[in-house]
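As structure tokens, the structure follows; a few thoughts come after it.
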Amino acid sequence: MCRARRSPADPGSVAEEERRVKANAREYNEKFQYASNCIQTSKYNIITFLPVNLFEQFQEVANTYFLFLLILQLIPQISSLSWFTTIVPLVLVLTITAVKDATDDYFRHKSDNQVNNRQSQVLINGTLQQEQWMNVRVGDIIKLENNHFVAADLLLLSSSEPHGLCYIETAELDGETNMKVRQAIPVTSELGDISKLAQFDGEVICEPPNNKLDKFSGTLYWKENKYQLSNQNMLLRGCMLRNTEWCFGLVVFAGPDTKLMQNSGRTKFKRTSIDRLMNTLVLWIFGFLVCMGVILAIGNAIWEHEVGACFQIYLPWDTAVDSAFFSGFLSFWSYIIILNTVVPISLYVSVEVIRLGHSYFINWDKKMYCAQRQTPAEARTTTLNEELGQVEYIFSDKTGTLTQNIMIFSKCSINGRSYGDVLDLLGHKAELGERTEPVDFSFNSLADPRFRFWDASLLQAVQLGNPHVHEFFRLLSLCHTVMSEERNEGELYYKAQSPDEGALVTAARNFSFVFRSRTPKTITVQELGRAVTYQLLAILDFNNVRKRMSVIVRSPEGRIRLYCKGADTILLERLHPAHHELLNVTTDHLNEYAGEGLRTLVLAYKDLEDGYYEEWADQLLRASTASEGREDRLARLYEEVERDMTLLGATAIEDKLQQGVPETIAILTLANIKIWVLTGDKQETAVNIGYSCKMLTDDMTEVFIVTGHTVLEVREELRKAREKMMDSSRSMGNGFSCQEKLISSMSASRLTSVLEAIAGEYALVINGHSLAHALEADMELEFLETACACKAVICCRVTPLQKAQVVELVKKYKKAVTLAIGDGANDVSMIKTAHIGVGISGQEGIQAVLASDYSFSQFKFLQRLLLVHGRWSYLRMCKFLCYFFYKNFAFTMVHFWFGFFCGFSAQTVYDQYFITLYNIVYTSLPVLAMGVFDQDVTEQRSMEYPKLYEPGQLNLLFNKREFFICIAQGIYTSVLMFFIPYGVFADATRDDGTQLADYQSFAVTVATSLVIVVSVQIGLDTGFWTAINHFFIWGSLAVYFAILFAMHSDGLFQMFPNQFRFVGNAQNTLAQPTVWLTIILTTVVCIMPVVAFRFLKLDLKPELSDTVRYTQLVRKKQRAQHRCMRRVGRAGSRRSGYAFSHQEGFGELIMSGKNMQLSSLALSSFAARSSSSWIETLRKKKGGDSTASSPSGGADKPLKV
């Protein structure tokens, strides 16, 4: 068992403000009651499982409701049903859920035990002893060996490497597999001997436990000196030691206090719109149930007063009943019990089973499996599947999501000259297909054979000794945090923290500036075949605020130089003003590279005087050891030294689009899904990628670019964009003739509706600094109005927080389902904020995947996830719910009608066994099969005709209107189900002339009619028949008759004479032709109106899916006829009638490829007269409704057919 740590909420405890840890002093550390290193992610144990799990399950309103019904059924005065009619389904539901929870918790226990029982070497009483991880305590010194996991958050004391260096892999923390370097502080790096470590009694005072993976602040006090500690001195739990024989560390945080466990908080629970609607409908149904109970209770009181009082001798009241009013009160509760099946408990279990099945279909989809990375698609949640069929807005990262995040050094600018373009004999740029052989690097034995570069003039400049080119590649080989590993002689392997850095260092390597190795104080580079070791004086590390990185090195000649690389927006401001002309030329090159979609960096350097550097280094040392404001002081020093630098050049790295991205975006756009790209890249790069992936096109009416630096500038640019859209719409004759005053006086919601209905296609591009103003409370609606009127939106230079804010803005004001997709840690907040989060398992680790609801490896799979799995899941869930409510109202309302003919006595029509088994045996499996396997059109047609996706966005298949239609159909069926047999039985006789009408015969007839009618109905509702559907439907009917005859058999009567008294009733009743004629008549009258209505709807007002199915049938018939014609074709003539009926122009259309992309439009126009009109009408109606209810409104979104 894990020892619990005293919570700050406990009496007498104080929230931890700082941590004090003393090495080799367990008794001292124990008084602080720090957590042990035992982790516990499980929720239950053998003793607590049953009470805790039941308590959690009864938090669900439905379970509590059925428990309340069960208690009512135990009161004999009000219960006309046996208690097992409720307890059997309730226990079944609780058991299934408990087994699922127990299984999940068993695996958590298993994982916990595996981790807690790992072995670690702990220094105890001067010797190393093997201890389980769970027994490690704060203040212990432990020894780690190569390829071992770090047991707790440790302060690195010493290692086998020089200068206390060690290498770690942080895959379990951030998903990155590249190596990172950590270093012990110099004073402890010599403590490699066991005896010295046993005498080490230093004390660490540091920050309390927190979840910041990249920050640590503390101080080591030892031998009357203090030493500042940072994240570079820490080894975090979950890391793995690499390329280091051994190291020793002091445990600072253990178990639940480690940063790994502090980051393992639960993800916010997400619910679908159908879930929310179901909760509302269940409340309505409960209200309806109460109303029925009141009506029947009043009827009982009146009947007992007017009629029942006359029969006191024959039908006496119960002992407790002393008045007709009290009889009505008891009758109310009796009918609440009888009619409770309008809200069946099996509904919730069935929904979870269906969702689980849909999740497995996603996991098993081979067409979403990436063979290259051996990564399948994964549904990481089972609660959001149907919402995948309702998405209207997609928010996508760019790098690694739309692009491959595999960086290739493509071009560069050095001292005003651009390299990387290949020129033909006339001096023009050669196209890709016209390029000659790539540059030959065979002379360089250390070159990376995978590197390709096409401009030989750059290699010539290196070989000719161009000093600017040499300095350029020297900077690339020195200014980085890459780790080098040389497994065999001449075989270098680089481990880079980002693909960009890896590409730049590899480029320098191929151009003969080879980064070979590093120590904490040196970097060794092989320059043109000669090994040169530079003294590394300082690393000014990169972060999202600085957007640059610098190193300060001393060359073998003693010259001190600062090398810097970073974003152009940051670095160009820090250059010396004397290089104005070079700056202009380089800026032109940067714009050219960004226009080609390349990622750019600017390179610069600065020579430092020895005296200046010594003074600056002294200030840096004091700032790094400061106890307060250390980061701010360091930032000011970095800012001071990175000024007046000399421009060296710029690099351009290519990040290619992923396969299938343009096609995916085009098809999702046809499905009326709006795609917004939120990226940290510069504007030009993002815009070019937008054109590459067909988000932006030359055919667009206008692309608005918002770059204002102040609130007024941004507001003015957004206003002008809206005015241009309105002006353009008026000039195109779209019917808008309102004046400027009218526009300015419009409400925000009305203006949004008008803007989204305008003619023309627009795009909006906005920068991060402009977006910061646009997201302010007084301007966010203006930004949303403008953005939602555009076909495409690209937000550049945005921070992770801004990504989440944009998603939250759309969620807040638009009644639409949002989906966020990304691949990096900077996308996590956006993924968690959206209704649905999708993680791409790419080059930037797995943090996005871990935070996501669904994951796969390529953006193009999003098309299949939404248009196939999402649409099918929504369709299946809607059909399931409609049928489920229908069959239960048809079943339950028969009791209501019977109440008027039994003196409102709460007598049931069916026997109690039928009531118990109806929902869990007779009708459960067929509706589950439909909910799991049904489909309206094939997956190929779902992808081919994106307009099929729109009913989900408009929530057409299950809403309040559809619910009331299902309820009306169920009530209609129940009326016929009761009154037709009742009318027949009033005068019917058996074959022998005796009266047919008796209670049990009537009950068998009504129950049989009900099972047959609902089975026929689900046959009509099923659109895709499988062997499982056939087996479940016909099998359920067979099981019904088998159980029916068994319950009326002599054998059961012999065993349970008090329970099964009506021997032979079923056999005798169903042997009468009158009964079968009654069942057939009831079935026909119940089903024929449904068949007639669907036939007329299909003929007069078909949906798009109906049209697609009809087209499929026509094509099949045409293919069959074509095969027959080929078989019986005339042998005497070789001429074909095809050429004479062929229309001109199709050859050009096929060659252009337009028919491949717009096949859905062709079909939509075929169905425009019918299907488009009703979708457009409903979309406009939705826009009108949301206008009245939302600050920004939902807008009219006309169907583009």
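Cβ atoms here come from the backbone N, Cα and C positions, even for glycine.
The active site, 4-aspartylphosphate intermediate annotation in TrEMBL covers Asp397. For Asp397 (active site, 4-aspartylphosphate intermediate), the count of additional Cβ atoms within 10 Å of its Cβ stands at 30 [all protein chains shown].
For Arg797 (ATP binding site), the same-chain residues lying six or more positions away in sequence with a CB closer than 8 A to its CB are Thr569, Thr679, Gly680, Asp681, Lys682, Gln683, Asn767, Gly768, His769. What TrEMBL records for Asp397, Lys398, Thr399, Glu501, Phe542, Lys565, Arg599, Thr679, Gly680, Asp681, Arg797, Lys803, Asn826, Asp827 is ATP binding site.
Taken from TrEMBL, the feature domain 'P-type ATPase N-terminal' covers 21-87.
Each residue in the domain 'P-type ATPase C-terminal' (849-1102) has a pLDDT score, and their mean in this model is 90. Feature annotation from TrEMBL assigns domain 'P-type ATPase C-terminal' to 849-1102.
TrEMBL lists 1179-1201 with the feature region 'Disordered'.
According to TrEMBL, the transmembrane segment annotation covers 81-99 (among others).
Beyond the transmembrane segment (281-303), the same-chain residues lying 6 or more positions past its ends with a Cβ under 8 Å from any Cβ of the stretch are 62, 65, 324-325, 327-329, 331-333, 335-336, 339-340, 342-343, 885, 896, 899-900, 903-906, 960, 963. Per TrEMBL, transmembrane segment is recorded for 281-303 (among others).
The annotation transmembrane segment is assigned in TrEMBL to 323-349 (among others).
If you look up TrEMBL, you'll see 880-901 (among others) marked as transmembrane segment.
Taken from TrEMBL, the feature transmembrane segment applies to 913-933 (among others).
Residues or ranges marked as transmembrane segment by TrEMBL: 963-982 (among others). Long-range neighbours of the transmembrane segment (963-982) within the same chain, counting only residues 6 or more positions beyond its ends whose Cβ lies under 8 Å from a Cβ of the stretch, are 281, 881-883, 885-894, 896-898, 901, 909, 1002, 1005-1006, 1009-1010, 1013, 1078, 1081-1082, 1085-1086, 1089-1090.
What TrEMBL records for 1002-1020 (among others) is transmembrane segment.
Annotated transmembrane segment per TrEMBL: 1032-1055 (among others), in sequence order.
Per TrEMBL, the feature transmembrane segment maps to 1075-1096 (among others). Under 8 Å from some Cβ of the transmembrane segment (1075-1096) lie the Cβ atoms of residues 969, 972-973, 976-977, 980-981, 984-985, 996, 1001, 1004-1005, 1008-1009, 1012-1013, 1016-1017, 1020, 1069, all in the same chain and six or more residues away from its ends.
Within 10 Å of the C-beta of Gly680 (ATP binding site) there are 22 other C-beta atoms, taking all protein chains into account.
Distance from the CA of Asn826 (ATP binding site) to the CA of Asp397 (active site, 4-aspartylphosphate intermediate) is 9 Å. Spatially, the transmembrane segment (1002-1020) is not adjacent to the transmembrane segment (323-349); fewer than three Cβ-Cβ distances between them are under 8 Å for residues at least 6 apart in sequence. Under 8 Å from some Cβ of the transmembrane segment (913-933) lie the Cβ atoms of residues 81, 84-85, 88-89, 92, 341, 344, 346, 350, 353-354, 357-358, 876-877, 879-880, 883-884, 887-888, 891, 1003, 1007, 1011, 1014-1015, 1018, 1021-1022, 1024, 1026, 1028-1029, 1032-1033, 1035-1036, 1039-1040, 1043, 1047, all in the same chain and six or more residues away from its ends. Note on the transmembrane segment (880-901): residues 274, 278, 281, 292, 296, 299, 335, 338-339, 341-342, 344, 347, 350-351, 354, 907-910, 918-919, 923, 927, 930-931, 958, 962-963, 965-967, 969-971, 973-975, 977-979, 982, 1006, 1010, 1013-1014, 1017-1018, 1021 of its chain, located 6 or more positions outside it, place their CB under 8 angstroms from a CB of the stretch. Taking the Cβ of Arg599 (ATP binding site) as reference, residues of its chain lying under 8 Å away and at least six apart in sequence are, in sequence order, Thr399, Met407, Asp500, Ala652, Ile653, Glu654, Asp655, Asp681, Thr685.
With respect to Cβ neighbours within 10 Å, the binding-site residues Thr399, Asn826 differ, and Asn826 shows the lowest count. Each residue in the domain 'P-type ATPase N-terminal' (21-87) gets a DSSP state, and the totals come to 31 helix, 2 strand, 34 coil. In sequence order, Arg548, Met549, Gly566 are the residues of the chain that are 6 or more apart from Phe542 (ATP binding site) and have a CB within less than 8 Å of its CB.
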